[in-house]
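**Q** This is the structure I have questions about; it appears just below.
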């Protein structure tokens, strides 16, 4: 019995506790750095759906979006942005900015009918967003201009698929 | 001797930098994900916040005392857990980005949620709140710029829910939910 107790006391508990604490701290610091860089600098996003078709594939592209330009108001016409959907706050949509505040935007209500033209002025503090694929996109043509505050970031780089690896140039869509 | 002293200073400096960086990161993460602290300016939520904010020529009147250079703004605790699932209820006091200027953060009371019908005061109009939107109003309807002028706002603009007044000390209290009767028509 006393031998067992001796061995228990001999066991390097102190070193083990210290190692465990150090390991936890390293993981926690990594998570902290990840969270801060994800919210303030740059975030990865996966896109689904056909609404941006000629520019972004419908099978799930991995894009990098930078948060700084949205925060400092550097979003311009033609940029691809990620934004919270005004219809469902838990959904993030990827669209292209077609008009900033004060712009006159002309769009087709029904993409098949060339005569169904409509023109609106974007109100103060709002942006007009549209998908590149006008036939299937659910965008500002349906719910109107969205407040700038819903914009989460500007997509600037494509990581996956590898054959399209590279930066997304603004306004590349005709 | 001199060399070792300088070495010690450098290592102290390095430790200090590391500690302050880490605490900064921790503070940022907590304020983003869990709760943050912010001052309330203006009188749009008058009986609830800034209720003893009677400034007169740079002096504040508190009870019978006249105090100079006193910051009369209430400070509140904003919790962010509700942003995980955007679960809000009628009568919550919420913090949101202004729909007309994304740099401004406003505090108002949530009156209606998606699917509700709202009666507009002093008129016979009713507004149906579209899905993913909500209706916000200040408690002090005389000097508040809110949904009565800009209509329903997207829920995505909400940044958190106000739970406690934490400063000044004599005003520490929980912020209550308040639902004004007769404003909503449920369908």
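The backbone N, Cα and C atoms fix where each Cβ goes, and this holds for glycine too.
Pulled these from TrEMBL:
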type     : residues  : note
ACT_SITE : B:44      : active site
ACT_SITE : B:108     : active site
DOMAIN   : B:70-120  : domain 'Peptidase S26'
DOMAIN   : B:126-167 : domain 'Peptidase S26'
**Q** As a quick check of your reading of DSSP, tell me how many residues in the domain 'Peptidase S26' (B:70-120) are helical, how many are strand and how many are coil.
**A** 3 helix, 21 strand, 27 coil
**Q** Could you state the whole-number distance in Å separating the C-alpha atoms of residue B:44 (active site) and residue B:108 (active site)?
**A** 8
**Q** Determine how many residues of the domain 'Peptidase S26' (B:126-167) DSSP places in helix, in strand and in coil.
**A** 10 helix, 20 strand, 12 coil
**Q** Provide the number of Cβ atoms within 10 Å of the Cβ of residue B:44 (active site), excluding the reference atom itself.
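**A** Result for residue B:44 (active site): 23 other Cβ atoms within 10 Å.
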